[in-house]
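Feature list (source: TrEMBL):
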type	residues	note
ACT_SITE	His254	active site, proton acceptor
BINDING	Tyr24, Tyr129, Arg164, His254, Arg257	glyoxylate binding site
BINDING	77-79, Ser106, Gln127, Thr155, Lys230, Ser252, 285-289, 308-309	FMN binding site
DOMAIN	1-359	domain 'FMN hydroxy acid dehydrogenase'
Amino acid sequence: MEITNVMEYEAIAKQKLPKMVYDYYASGAEDQWTLQENREAFSRILFRPRILIDVSNIDMTTTVLGFKISMPIMIAPTAMQKMAHPDGEYATARAASAAGTIMTLSSWATSSVEEVASTGPGIRFFQLYVYKDRNVVAQLVRRAEKAGFKAIALTVDTPRLGRREDDIKNRFTLPPFLTLKNFEGLNLGKMDKANDSGLASYVAGQIDRSLSWKDVKWLQTITCMPIFVKGVLTAEDARLAVQAGAAGIIVSNHGARQLDYVPATITALEEVVKAAQGRVPVFLDGGVRRGTDVFKALALGASGVFIGRPVLFSLAAEGEAGVRKVLQMLRDEFELTMALSGCTSLKEITRNHIVTPADMHRAVSRL
């Protein structure tokens, strides 16, 4: 069967993966309302395409932190990729590099920062969870910097792990033949079996619940890498992130895996962009499955998007070739959306190219 869109990889992954692994990747928190909403909110945004514009040449390139990338579609951090495929993060790193885009490596990767760096050239960010033991954090940040990583994506929405009921039912734990490679030498690489989710128990034991804005400042004292704050959903926190010296903001609800009934990231995006006032770039992750989604995010002020689950599912289905294909499909769809909307470069994508439910509501209330 010819795979024609990103969503089709999920069904293949579901067939190929053990239930515990598929459920871990696919599920959200509690009622999974936000999980569904992350997708559905995109479907409520409509286009206002412009016509009779010469679209014979389309430029999708952009820069992030001064690094030129081929398109505004990057790879989000997703944990434990070797559960999906033996090549895991190696395959993802090579696919991202081949596509000329950025890969973000999870703290909880099954390949270390050094191993990912060894796959060859590429622009890579490192996603960071802050552990109670700050020496562990400092050591990890130094290793990422030494391995040539260019930025830190500090995850700020996980003082505790969200309630993921599939993981509790499955007694989720990392398969015995894998470890959290970045923590292997620190006796933190293994995950014990628990009466509920092994990951939830691991987080409760290791992750610092006292994390606050002052820790963003502390991180700046131990690294030269710019810091992105990942997990912002409100204007208030966007302003605080800018004040704290963040180099960028990632509007994220953790793939709907933390607090259920938060808005879809595409719904929260515009509020955050307005609050940032252009002082730092704002990115989006969550629910992106089509090139049309990428265009909508950019029209609402995002500087780019990150994709997570499509990478995991395509990795499970076809390894590195699958990840390459997902990036290519999204790129092709995004280019087509630009052409059919009358845009030849990213800067031409404007708020006037879309209409949101809020716009429609305002239009009705003016009648």
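Placement of Cβ uses the backbone N, Cα and C atoms for every residue, glycine included.
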Original post:
Distance between Arg257 (glyoxylate binding site) and Gly287 (FMN binding site) at the Cα atoms, whole Å?
Top reply: 12
Original post:
Looking only at Lys230, His254, Arg257, Arg289, Arg309, which of these recorded positions has the biggest number of Cβ atoms within 10 Å around its Cβ?
Top reply: Lys230
Original post:
If you measure Lys230 (FMN binding site) to His254 (active site, proton acceptor) at Cα, how many Å is it?
Top reply: 9
**OP:** Would you work out the biggest C-alpha to C-alpha distance among Tyr24, Tyr129, Arg164, His254, Arg257, the residues that bind glyoxylate according to the record, and give it in angstrom as a whole number?
**Re:** 19
Original post:
If you count Cβ atoms within 10 Å of the Cβ of Arg164 (glyoxylate binding site), leaving out that atom itself, what do you get?
Top reply: 25
Original post:
At the Cα level, what's the spacing in Å between Asp285 (FMN binding site) and Tyr129 (glyoxylate binding site), rounded?
Top reply: 17
Subject >> Those binding-site residues listed as Tyr24, Tyr129, and which of them has the most Cβ atoms within 10 Å of its own Cβ >> reply: Tyr24
Original post:
Looking only at Ala79, Gln127, Asp285, which of these binding-site residues has the biggest number of Cβ atoms within 10 Å around its Cβ?
Top reply: Asp285
Subject >> Of the recorded positions listed as Tyr24, Arg164, His254, the one whose CA lies nearest the CA of Gln127 (FMN binding site) >> reply: His254
Original post:
Once near-sequence residues are set aside, which residues in the chain of Pro77 (FMN binding site), 6 or more away, have Cβ atoms under 8 Å from its Cβ?
Top reply: Thr104, Leu105, Ser106, Ser107, Phe125, Gln127, Ala153, Thr155, Gly308
Original post:
For the domain 'FMN hydroxy acid dehydrogenase' (1-359), what's the model's average pLDDT?
Top reply: 94
Original post:
In Å, rounded, how far does the Cα of Gly287 (FMN binding site) sit from the Cα of His254 (active site, proton acceptor)?
Top reply: 10
